[in-house]
Amino acid sequence: MTPKLIVALDFDNQDNAIQLVEKLDPNHCALKVGSELFTLLGPQFVKALVRREFKVFLDLKFHDIPNTVAKACHSAAELGVWMINVHAIGGLKMLQAARESLKTYGKDRPLLIAVTVLTSFEEGELASVGISNTLPEQATHLAMLAREAGLDGVVSSAHEVKIIKQKCGENFITVTPGIRLPNNLKDDQSRVMTPQQAIREGSDFLVIGRPITQASNPYEVVSALLRDL
């Protein structure tokens, strides 16, 4: 069974990342590698995590012309990762190209999910980029586009999970960032929830980064989260 907890390795150096990884159990959590760490350490770091038998979510949010995104997704799959993502706003053709690029992997292909609306966005900010929808409307619209393209699910705030599940089906995966512990500040995330709240809303996987990586004892935080989940 795949763990619900995805620990975001939000570090700016390899030593700190490895120190935490060595304390984690691949049976208890998956790991997320984002743009910062991937740019710093590259594919070999991802492969090293896979060799440790961790499920790796490669969070690079591909968004480009369809051919480029398809090739990027194929390259990501070559690393043996469990999950990759693209920006849903890239459109139906881009999403379909990403999906098609993974067909050769059959049942061993990574999960392909689409980013809807970043959890740093606040209500009203979409207008600044020319979108008149509300946050829930836009997230739901993009989730339905991802489902039409044949993707496995989406990244979305927990606030939109219920409506996405209603529109796209209970088996449509929802991966939820913006998870904060009750005593944490929101920092640059606007639409946040606690782990327990997100699970109640129906989130399938919770991405938790800074509450873990910035803690004085990250492993204690992980252990407490696992007990709660």
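For all residues, glycine too, the Cβ spot is worked out from N, Cα and C.
Record features (Swiss-Prot):
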type     : residues                                             : note
ACT_SITE : Lys61                                                : active site, proton donor
BINDING  : Asp10, Lys32, 59-68, Thr119, Arg180, Gln189, 209-210 : substrate binding site
Count of other CB atoms lying within 10 Å of the CB belonging to Gly209 (substrate binding site): 20
Same-chain residues at least 6 apart in sequence whose Cβ lies under 8 Å from Lys61 (active site, proton donor): Ser35, Asn85, Val86, His87, Val115
Per DSSP, three-state class assigned to Lys61 (active site, proton donor): strand
DSSP-derived structure type at Gly209 (substrate binding site), helix or strand or else coil: coil
DSSP-derived class (H/G/I helix, E/B strand, else coil) of Asp10 (substrate binding site): coil
